[in-house]
Amino acid sequence: MPTNFTVVPVEARADGAGDEAAERTEEPESPESVDQTSPTPGDGNPRENSPFINNVEVERESYFEGKNMALFEEEMDSNPMVSSLLNKLANYTNLSQGVVEHEEDEDSRRREVKAPRMGTFIGVYLPCLQNILGVILFLRLTWIVGAAGVMESFLIVAMCCTCTMLTAISMSAIATNGVVPAGGSYYMISRSLGPEFGGAVGLCFYLGTTFAGAMYILGTIEIFLTYISPSAAIFQAETADGEAAALLNNMRVYGSCALALMAVVVFVGVKYVNKLALVFLACVVLSILAIYAGVIKTAFAPPDIPVCLLGNRTLANRNFDTCAKMQVVSNGTVTTALWRLFCNGSSLGATCDEYFAQNNVTEIQGIPGVASGVFLDNLWSTYSDKGAFVEKKGVSSVPVSEESRPGGLPYVLTDIMTYFTMLVGIYFPSVTGIMAGSNRSGDLKDAQKSIPTGTILAIVTTSFIYLSCIVLFGACIEGVVLRDKFGEALQGNLVIGMLAWPSPWVIVIGSFFSTCGAGLQSLTGAPRLLQAIARDGIIPFLQVFGHGKANGEPTWALLLTALICETGILIASLDSVAPILSMFFLMCYMFVNLACAVQTLLRTPNWRPRFKFYHWTLSFLGMSLCLALMFICSWYYALFAMLIAGCIYKYIEYRGAEKEWGDGIRGLSLNAARYALLRVEHGPPHTKNWRPQVLVMLNLDSEQCVKHPRLLSFTSQLKAGKGLTIVGSVLEGTYLDKHVEAQRAEENIRSLMSAEKTKGFCQLVVSSNLRDGASHLIQSAGLGGMKHNTVLMAWPEAWKEADNPFSWKNFVDTVRDTTAAHQALLVAKNIDLFPQNQERFSDGNIDVWWIVHDGGMLMLLPFLLRQHKVWRKCRMRIFTVAQVDDNSIQMKKDLQMFLYHLRISAEVEVVEMVENDISAFTYEKTLMMEQRSQMLKQMQLSKNEREREAQLIHDRNTASHTTATARTQAPPTPDKVQMTWTKEKLIAEKHRNKDTGPSGFKDLFSLKPDQSNVRRMHTAVKLNGVVLNKSQDAQLVLLNMPGPPKSRQGDENYMEFLEVLTEGLNRVLLVRGGGREVITIYS
């Protein structure tokens, strides 16, 4: 019986002794007076108000007044004295977030309230007893015994009670693992399994509690309309066939009225519900005692309760008083009222029903007593279809052929089809309610002792009551009476009430108030559970239900609960509502067992339950039994409940706030990750499994914000959530000075990764210089077999500016590091022009310029990009370069065949490059590059002059490039080069720098370009011209990236070559293979 919320007012209090405790409650630094209205710390995660050592707020002077602990003075800010910590622990009250005051605070002043703490018997045992015993025991248990028989009924009850006992053992382990927060099973599950499981199971538990309220209200109305006041029915059946529909309509009307009345009572004040709790409990106890007293009485004085049978069929004793066809009156024989029900007249010659005419009417005792031997007749099941006759086994009957069942005949018929699994679903709600003690944990003297003891004792007691009642019902009551759900054969009396002593009204009135009180407590507890979930903030759309009245009463949650409860009342059938809430409670219990099993198997250091009588096998058995019972009850209800829980889980995972509750699922994930990492090969992957595992190198500005966020957009387009992505960056400085900036930078990167939907890991390094930091990232990023094989970085656009934090020297060194590590390198040039994830290219080309083969990565990257919606409509074109002595036609055929085997569709074009003379532009471009390099080395320029000189040379190179096609004259000699330096300025520099010899400037004017540089520049210029001619309008151009020179003296020239190679192109991706990445033609 799942009334899992018996609400008791929780007052702020101080557990102190004597005057010292009273004084502590008045001091502002006491544990009770710490502001608990804002349970959300700086990380945004609500925490339980617990005595964590970093939350102790006491003035530093009080720690070391005598200077005895001056040695530890520096640690006092974060680590308190042991005496202070123990004081906090001793005065800790386990009031957690989500716990609200259930009674109005008549005066708003904070004062000490010495509320009596409850022990095991009052605080746990009796509430569990009250919540477990209830409506199913009074209204359906006799019917279950009649349909399933004693043996199968015993099996049903044993399975359900075993399930709850195993769940109680798991719950006891969880509840005794530390101070128990008030809040019940939701807090235990959510803090053990994490916010996703906690929210999903919490909502299922809430729905179960809400539908439980509907079930109790329906039970209350059924008792009222069937056994207390049948004349109060609004809808009357015109025929016997319409009685069931009329009853359902009456249940809907009266149930809705009862729900509205109960909701008003709960809204006005829950204190009235709490005051009536003892009355409801007394009703339950008296009813149970009356049942046992009635059983004992049947042993020596069975009650006289006749049941009329026609043949072997049970008759509904409503419109006749004599169980006979005819009776003798004044020496004459006359027909009875029963005759007139089956015949068309009262005369002996009237036409009667064929079955009535051929079978005799007999009368048996409905409750023959314990000593009657009826137990053997009730031992086995008697399942039947809907509308079947309730027949007594072993009684002879004359069958009739092709009998039609005319309406109006007073037979007792079954209203629903009965079978084993259906009875399990109807019965299971009667064993729920084991969480009542944990919901009162905030008001217990010793919750870690009371919850296991009280809960397990309550389950043992109720299991004994249920099992003994099954045996006693089977031994005392006739089978046809047991199968008579509504007591029609007993003139409409409650079957279990007829057994009770001293009067049937003890059971009728007791069960009425018991179910009424259970409904009130469900409507009290369910809104508070929803309010606790809403206040946790894990489900954003439920946050409105976290608000309530000024005193904390959950008004909006109560309104939603009443609406959901109304849907259950509109179903109107107790037998249809019971399996629904069975699903939700079974799911809740399943995850309680899962939480205990996971924590035990992981052996986490904080898993130290005080309750020792648990084992992971018991929890696993309980979880399996819950899952089995779900599908036994109703496989489609089970799938629907699991679908709801799964949707809630994914919603919380997708939209919910990030919570860190130290849950077991995180530990399980870590164990699974460790196991998977140990299985991953440390060597290179197989050819067929190779994919780029990317380390993205980001640059940060002075505010620790990402300079080029579109680099992450490009990463998500390239990876599409598959494989490994590590986003790294370097901060210059020492870790002691920069750890705050490092944390802020990591938060900025993570938020940008989330915005760009880049799934991966963030790794930030603080190093004395950027060069070493980048090298450390390339060497150490990743773990075990999960290491990157590709480095993605942005081209340093302003590399010619000497004060650029990521200078060209760092860039070239990073290129060398990736080459040494045999890793691929991707350099995105003009990264700010790359598309964001929201953009779409409706047309265009991705051009691949395949100059040298370094593993086939150039062809793999466009294929991966085109899987993303941004690049999906772009065509792929592959260009390769042919020299004069190459057969370009055969090259094109071979390349097309190669792509065919690679299963890549792309246009192929072979571009011929004629070896002509080195142009004047190339010679001058090389000269400008070398002159600039020499000048910057030889002249000690100021920062502003150096920048201006670099810009002037850059401008002249650009102007030279625009007029290169019109030049036909021979390469200019060095003396024709126009320099911005005058002779006077050079003399002034010479006097300023005495150590600079005059030969340096003389060499500057007689400089001749190096022939290898001229050849490289010639290649760059020629290739750039060819690429511009073919791919200037391409959406993306992929090019082989030349390797850096072996000598570091040519690093700056290398940067200039790359600049010339890619000049004039919008989006360029320079690709340098590491030698290990491959693309294969094999499957």
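Glycine is no exception: its Cβ is also placed from the backbone N, Cα and C atoms.
Record features, source Swiss-Prot:
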BINDING   VAL135, PRO429  chloride 2 binding site
BINDING   GLY433, ILE434, TYR589  chloride 1 binding site
MOD_RES   SER30  phosphoserine
MOD_RES   SER33  phosphoserine
MOD_RES   THR37  phosphothreonine
MOD_RES   SER50  phosphoserine
MOD_RES   SER62  phosphoserine
MOD_RES   THR973  phosphothreonine
MOD_RES   THR980  phosphothreonine
TOPO_DOM  1-119  topological domain 'Cytoplasmic'
TOPO_DOM  173-196  topological domain 'Cytoplasmic'
TOPO_DOM  441-450  topological domain 'Cytoplasmic'
TOPO_DOM  532-554  topological domain 'Cytoplasmic'
TOPO_DOM  599-612  topological domain 'Cytoplasmic'
TOPO_DOM  652-1083  topological domain 'Cytoplasmic'
TRANSMEM  120-142  transmembrane segment
TRANSMEM  150-172  transmembrane segment
TRANSMEM  197-225  transmembrane segment
TRANSMEM  250-271  transmembrane segment
TRANSMEM  272-300  transmembrane segment
TRANSMEM  420-440  transmembrane segment
TRANSMEM  451-473  transmembrane segment
TRANSMEM  505-531  transmembrane segment
TRANSMEM  555-573  transmembrane segment
TRANSMEM  574-598  transmembrane segment
TRANSMEM  613-635  transmembrane segment
TRANSMEM  636-651  transmembrane segment
Beyond the flanks of the transmembrane segment (150-172) by 6 or more, those residues with Cβ under 8 Å of it: 144, 185, 188, 375, 378-381, 420, 423-424, 427-428, 430-432, 434-435, 438, 451-452, 455-456, 459-460, 462-463, 466-467, 470-471, 474, 586, 589, 592-593, 595-597, 609, 611, 613-614, 618-619, 621-622, 625-626, 629
Euclidean distance between Cα atoms of VAL135 (chloride 2 binding site) and GLY433 (chloride 1 binding site), Å: 12
Remote residues contacting the transmembrane segment (505-531) - C-beta distance under 8 A, at least 6 residues beyond either end: 1-7, 98, 100, 102, 130-131, 133-135, 138-139, 184, 186, 202, 205-206, 209-210, 212-213, 216-217, 219-220, 223-224, 227-228, 258-259, 262-263, 265-266, 270, 273, 276-277, 279-280, 283-284, 286-287, 290-291, 439, 494, 496-497, 542, 545-546, 548, 554, 557-558, 560-562, 565
Helix-strand-coil residue split for the topological domain 'Cytoplasmic' (441-450), DSSP-based: 7 helix, 1 strand, 2 coil
Cα-Cα distance linking PRO429 (chloride 2 binding site) and TYR589 (chloride 1 binding site), given in Å to the nearest integer: 12
Inter-residue C-alpha distance, VAL135 (chloride 2 binding site) and ILE434 (chloride 1 binding site) (nearest angstrom): 16
The transmembrane segment (451-473) vs the transmembrane segment (555-573): 3 or more CB pairs under 8 Å: no
Region pair the transmembrane segment (272-300) / the transmembrane segment (555-573), three or more CB pairs under 8 Å: no
Number of Cβ atoms other than its own within 10 Å, given for VAL135 (chloride 2 binding site): 27
For the topological domain 'Cytoplasmic' (532-554), residues assigned helix / strand / coil by DSSP: 12 helix, 0 strand, 11 coil
Secondary structure composition of the topological domain 'Cytoplasmic' (599-612) [DSSP: H/G/I, E/B, coil]: 4 helix, 0 strand, 10 coil
Non-local residues, at least 6 beyond the ends, that sit with Cβ under 8 Å of the transmembrane segment (120-142): 1-4, 6, 215-216, 219, 222-223, 277, 280-281, 284-285, 287-288, 426-427, 429-434, 436-437, 440, 443-445, 449-451, 453-455, 457-459, 461-462, 465-466, 469-470, 473, 477, 481-482, 485, 494-496, 507, 510-511, 514-515, 518, 521, 574-575, 578
TYR589 (chloride 1 binding site) in three-state DSSP notation: helix
Integer average pLDDT (0 to 100) for the topological domain 'Cytoplasmic' (173-196): 74
Cβ atoms near GLY433 (chloride 1 binding site) (within 10 Å, other residues, all chains): 31
In three-state DSSP terms, the structure that PRO429 (chloride 2 binding site) belongs to: helix
Cα-Cα distance maximum in Å, computed over every pair in GLY433, ILE434, TYR589 that the record assigns to chloride 1: 11
